[in-house]
């Protein structure tokens with residue numbers, strides 16, 4: 001075999017320039033015991049943990065490929081549940097930053113995640129209209145709830161009852177009984193999508209937000225709390241809302257509980273509406289953990305904050321109103337007016353839920369989170385549309401609460417998309433420029449070292465020497481900046497239209513600019529006297545202009561500085577001589593305008609990338625087209641050769657970066673990572689690094705490794721990945737009683753579950769072979785009349801010379817808990833009899849009873865018909881029945897004993913801590929007395 005051309009692989013090195021991406025939600029997290037200081041923010045496929053006080057990124061929870069769409073911290077503050085675009089959920093430990101638990105069950109993006117009060121269960125809602133409840137401790141799915149007809153927007157566990165309430169874009173709110181896993185009530189009081197819901201007032205009231213300016217409130221009465229009809233009517237003033245009272249009155253005869261089956265658990269009655277100031281839809285509706293503060297926002301930059309009064313506060317208000325009403329009644333009666341002295345005080349919903357204030361942020365709100373401290377301070381953190389995180393604090397109990405912005409995270413990214421990138425000649429600095437600012441980044445630390453305000457930047461480069469940068473803007477200006485001071489040295493009105501492209505001359509004495517005003521201008525660097533100081537400063541001087549018939553989109557010098565290529569709006573590339581500006585060649589063939597091009601280091605080739613999705617490689621000697629490559633699935637936005645080679649990179653609107661060989665016309669590799677269209681890229685002067693920018697606001701750094709890349713292997717890996725993807729998408733086997741295509745189990749078929757099933761099959765086959773060999777070996781020994789050495793299986797030796805049956809158990813233990821059911825579901829029935837026989841053997845040994853029971857019950861459930869009709873399996877099942885019942889009761893007794901022991905220890909600890917508590921209280925009292933005495937002495941000395 002001949003020597004193949006060797007390429008080196010580029011790999012993703014880092015994501016930077018991103019503070020938070022738009023698709024997910026921001027949440028407060030507890031780290032190192034501190035609340036309200038750290039926030040978790042989705043950042044493309046990762047999650048960043050930011051320190052709001054220092055404005056620093058302190059932890060990155062590494063994702064795989066899919067974008068993060070939902071975050072939810074666990075009640076104990078130790079874990080963070082992260083939902084992704086493909087429907088997978090990962091649970092990360094905030095102490096180690098590792099994601100050990102993965103749940104795969106949804107087919108579309110996760111829209112909501114919520115833990116129950118203890119953190120043992122997690123509910124997930126998705127765009128695929130399903131709700132799944134997961135067991136976090138056992139790392140497995142419990143059940144799937146189907147019923148909604150559109151994407152789920154919110155799902156909440158109730159604290160006291162085993163119920164779940166969910167809302168969707170199908171305009172309904174559903175109540176689910178989790179004991180029976182069915183929907184027992186559907187609320188249809190909304191005309192539009194229900195975008196959010198919260199439970200307030202000790203879960204006696206539900207508040208929903210829809211696509212209008214109302215927040216609807218519903219009173220919830222649980223069946224056991226609805227009083228008997230024959231009880232005397234309670235006093236009218238006890239802080240009941242009118243809705244509650246009406247329902248109580250209606251119970252006399254109109255509401256027969258047996259007639260309305262869903263009212264057997266609870267009944268809902270509309271209590272009224274709170275009007276929002278904004279007319280648009282509710283985007284997010286949330287309460288803080290204490291249930292005191294309610295907040296919501298629409299599609300703008302205003303958060304409306306409400307305060308929910310407690311029972312005591314409502315009672316106080318009622319008493320106050322009562323006093324006033326009595327006073328008024330007495331006054332009227334003293335005047336001689338006949339007044340009815342029976343006073344009825346009604347509390348409106350607006351009295352119970354009071355508007356506090358509005359918080360206005362600096363840009364559109366994408367998501368927010370609240371934390372209400374015991375001191376009465378409210379902290380609200382916002383993730384904004386323009387790649388920004390802001391923290392506001394507020395005292396809701398003040399007479400006129402004023403929100404104060406306490407911190408914001410801005411330096412780590414641009415407010416808008418980065419349109420131009422450049423490397424410094426020493427490979428150390430990266431320049432990125434957007435609509436309002438230029439940032440200089442240190443390539444090794446990825447820290448932003450300079451931020452300078454600018455106009456809308458379209459192109460840029462470092463001036464030779466790396467001390468200044470030149471920016472070309474949308475208004476046709478050239479802006480020259482000094483990096484040491486960060487000052488704007490000069491602004492030159494270069495063109496009348498957008499300045500699309502610049503190219504530095506190879507002799508580094510000047511540059512050329514191309515603009516939408518149909519002209520190409522040549523500029524030279526010069527030193528001019530600075531008015532503010534004695535030293536000279538850099539400036540630019542306009543030397544020549546070349547006028548053309550069409551807008552110029554891109555310009556590029558040839559390395560020997562003899563030719564200048566420019567792409568025009570008429571889909572051609574024109575090449576002129578630099579010295580005489582005479583026309584040399586016209587390259588035509590693209591169907592749409594050429595957006596980017598580059599000339600190779602030796603001046604032999606020119607590559608052009610167009611909006612028609614093609615890349616054409618041309619010879620620069622005769623202008624002949626060597627090859628046309630279909631490069632991307634959308635416009636080719638940027639193209640650049642790797643220095644000192646004929647390899648080049650292209651970036652497209654299809655979110656991919658591709659590397660090509662211009663000599664062999666081969667596609668070498670694809671760099672995937674961006675989640676939106678890519679605007680530009682830059683290759684470092686030595687070709688070791690590539691940096692790219694995208695509409696997802698992120699900048700990505702790609703690094704060249706020493707690992708060789710063989711094209712055949714690359715293609716093979718690509719085919720394998722495609723095959724694995726297709727395997728996961730195949731229809732799953734339907735369990736008897738199910739309709740094909742509908743999945744009632746919580747998991748879904750993935751390549752991991754298929755591999756796990758294959759591992760079980762291989763283990764069973766090995767067990768069959770080894771048992772057959774053992775029988776043969778015994779027969780040989782019997783015939784020989786002595787012990788003959790038996791050849792050992794290398795796999796069993798690797799596991800520590802275990803028996804074949806023990807190896808099967810090891811394989812079962814090695815399967816992830818969340819993938820166990822799905823792996824057993826794709827397992828052919830021919831392996832099930834052997835598994836049942838082995839399970840019987842393991843049960844008698846009493847090893848891993850819980851795992852075995854879970855597998856056993858699942859297999860019985862899905863292969864019930866075949867197992868019961870198989871006469872050979874009857875004795876096995878009988879034996880399993882006996883051993884399983886006894887072993888499970890043993891395990892239950894053991895757990896009961898342990899629980900009792902833990903309870904005893906808890907009581908002991910509490911008894912000790914109470915003693916400590918009283919000791920603390922005594923010392924606190926003494927401290928207070930000491931302080932009071934000091935104060936009294938001070939007052940005496942002053943007087």
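Cβ coordinates are placed from backbone N, Cα and C, and glycine is handled just like the others.
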Range annotated as region 'Disordered' in TrEMBL, from 681-701, 702-722, 723-743: 723-743
Contact call for the repeat 'WD' (671-703) and the repeat 'WD' (492-526): at least 3 Cβ pairs under 8 Å, seq gap 6+: no
Spatial neighbours of the repeat 'WD' (103-144) far in sequence, C-beta under 8 Å, 6+ residues away: 69-72, 74-76, 79, 81, 83-91, 150-157, 159, 164, 166, 168, 170, 176, 178, 181, 743-748, 750, 752-753, 816-822
Overall pLDDT of the repeat 'WD' (187-228), taken as the mean: 86
Helix, strand and coil residues within the repeat 'WD' (587-628) as assigned by DSSP: 0 helix, 23 strand, 19 coil
